[in-house]
Ligand SMILES: C[S@@+](CC[C@H](N)C(=O)[O-])C[C@H]1O[C@@H](n2cnc3c(N)ncnc32)[C@H](O)[C@@H]1O
């Protein structure tokens, strides 16, 4: 996992950059701040390596000439079009019941934002210190948005490895309605079709892949599934459409979409 990173900023945002640097260092990331004259497209093209940027829009990741942040405000249009009927994730996670839900693989938080918008009370868990800091920034900005303020009021962020977090919830006998898992998917997998889909991941996901550990080091979520099943009435796993089952465990039910599917595991003995 990235434990050292360069952070580019302009003179005007130097103080802000120092604040982010302090937060990141409290989470184990060593940050090297570099002041640049202009943080523009040309600069980003000439500095293709993965780095952070701080400007008027807060904290960003940049690489290969692109900038990326979990931009929740940019999701508002999509949220406004979404409904319990139209979204497969809503059926898979039973969002009509306004569940208490843990998203144990937060990433950019886009799935959780949608689920919170559709009624879930969501705890987002992310173990990557840079991604977590980006999420925190996105949540803070969303609080000032008239549409998102009520949505993010239903979102809690937890910086932790979910294996540890779920185990601590089990130890405290804290059950939830749903645990949602969208673990990283290995590049080398038994399923060639799934790899083809993987190559089509959106720009944002490409940057996410640069930040996260290589194949072999990343958490593929097998252990998370077993922990989740001990504390949630329903565990929902998002997978590329043709991917193998998580931990080779056959789900009780599936919802199939064009690019992805949701596998659900029900624990009837945990109901009430
Ligand atoms: C594919 S992304 C999730 C994308 C997310 N569903 C979204 O809408 O943006 C997987 C994320 O899970 C995180 N992750 C994987 N294993 C984890 C663990 N054991 N604990 C916490 N986070 C984990 C990774 O760091 C990565 O950010």
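Yeah, the Cβs are placed from backbone N, Cα and C, and that goes for glycine too.
TrEMBL labels come from automatic prediction, so no person has curated them.
The S-adenosyl-L-methionine binding site annotation in TrEMBL covers 126, 127, 182. In sequence order, 105, 106, 107, 132, 135, 157, 158, 159 are the residues near residue 126 (S-adenosyl-L-methionine binding site), counting only same-chain partners six or more apart with C-beta under 8 A.
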Other same-chain residues whose Cβ falls within 8 Å of the Cβ centroid of 126, 127, 182, the recorded S-adenosyl-L-methionine site, in sequence order: 103, 104, 105, 106, 107, 124, 125, 128, 131, 162
Number of other Cβ atoms within 10 Å of the Cβ of residue 127 (S-adenosyl-L-methionine binding site) across all protein chains: 19
Three-state secondary structure, residue 182 (S-adenosyl-L-methionine binding site) (per DSSP): coil
Cβ neighbours of residue 182 (S-adenosyl-L-methionine binding site) where a neighbour is any other Cβ within 10 Å: 21
